[in-house]
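Below is one structure; the comments refer to it alone.
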Amino acid sequence: MGVEAGETSSFLSFTSAFSYGVASMAMVFVNKAVVMQYVHSMTLLTLQQLATGLIIQFSQVLGLSKRKDLSMATAKKLLPLSIFYNANVAFALASLKGVNIPMYIAIKRLTPLAVLVSGFLRGKGKPPTQVSLSVLCTAAGVLVAALGDFSFDLYGYLMALTSVFFQTMYLILVEKSGADDGLSSMELMFYNSILSLPFLFFIIIATGEFPHSLSVLSEKTASLAFSVILLISLVMGIVLNYTMFWCTIVNSALTTTIVGVLKGVGSTTLGFVVLGGVKVHALNVTGLVINTFGGVWYSYAKYTQKKKMPRKIAPDEESHPHK
């Protein structure tokens, strides 16, 4: 009986990790496919959050899921997290307009470096040597790859780097607040979507996207192919977040991070042949290989660091899951 329980646990661990990896990889390509045809990325994000809230609400009405009543105290705690989370995703979507997928993934791997630097500035001390060297390796890979990126887009690069900044701020806030304690993944996602909508509505009006973006969307949805991709994008938003939380609950935040890195290896490889936009150059490929190696090395360094740590509950912002 113990063996059966162990097998079930292993199967659940693998299934949750595999599901997150597939969903995370698919989301990058689906978003890229949408923004190649529909440039209004903030409106897209607003629609994704609206769809998430509605799907969760309908699932509760149908009795498919349960959640506690909304609490103002919890909402206040989660508001800063929601703003930084959406800023991260918004700038990431904006960067995908001009940056090819391999370079986008390479730049996003700079997040651990940004987290380590911010931790050092806040007096958290020097990280382990292997962790420091691995994140420097990923950064060096980005620089080398950028030098050989014939499709270099300054705006896209700046958007991706800004996304890294907001992702870092989000991780630091998560560590400080502990606001997500005691909430299920569905409840977290529902709070995030509800809190996001006023902020996103303000942004799409302030930037002038709305209402023009809706008329463009109406024209675009005349195409069945675009409508299908858009629908997949809206559904994938909730699938990605759900599988990310599921993987973290069943396994650990560290496992989720490692799966994210391995997903990045697959996405980088596929990115050279899917959706186009990549002009192969020796420097670009070399830089991406260095960057990917750094990412895998970082995962290994964090894993060995975790194994050496005494068994206690301690926040680990570098290994907190992120999009």
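In case you wondered, yes, glycine gets a Cβ from its N, Cα and C as well.
Remember, TrEMBL labels are computer predictions, not curated facts.
The transmembrane segment annotation in TrEMBL covers 12-30 (among others).
Taken from TrEMBL, the feature domain 'Sugar phosphate transporter' covers 23-299. The average pLDDT the prediction assigns to the domain 'Sugar phosphate transporter' (23-299) is 83.
What TrEMBL records for 42-63 (among others) is transmembrane segment.
Residues annotated as transmembrane segment in TrEMBL: 83-107 (among others).
Here TrEMBL flags 128-148 (among others) as transmembrane segment.
Taken from TrEMBL, the feature transmembrane segment applies to 154-174 (among others).
Tertiary neighbourhood of the transmembrane segment (186-210): same-chain residues 40, 42-43, 45-46, 49-50, 52-53, 56-57, 59, 65, 67-68, 70, 74-75, 78-79, 81-83, 85-86, 90, 180, 238, 241-242, 245, selected by CB-CB distance under 8 Å and a gap of 6+ residues from either end. Feature annotation from TrEMBL assigns transmembrane segment to 186-210 (among others).
The transmembrane segment annotation in TrEMBL covers 222-242 (among others). Long-range contacts of the transmembrane segment (222-242) within the same chain, counting only residues at least 6 positions beyond its ends with a Cβ under 8 Å from a Cβ of the stretch, are 20, 23-24, 26-27, 30-31, 33-34, 37-38, 44, 47-49, 51-52, 55-56, 185-186, 189, 192, 323.
According to TrEMBL, the feature transmembrane segment maps to 254-275 (among others).
Per TrEMBL, transmembrane segment is recorded for 281-301 (among others).
Of the candidate ranges 12-30, 42-63, 83-107, 154-174, 83-107 has the most C-beta pairs within less than 8 angstroms of the transmembrane segment (281-301).
The largest share of C-beta pairs under 8 angstroms with the transmembrane segment (42-63) comes from 83-107, of the ranges 12-30, 83-107, 154-174. Note on the transmembrane segment (12-30): residues 96, 101, 104-105, 229, 232-233, 236-237, 239-240, 243-244, 246-247, 249-251, 255-256, 259-260, 262-263, 266-267, 270, 274-275, 323 of its chain, located 6 or more positions outside it, place their CB under 8 angstroms from a CB of the stretch.
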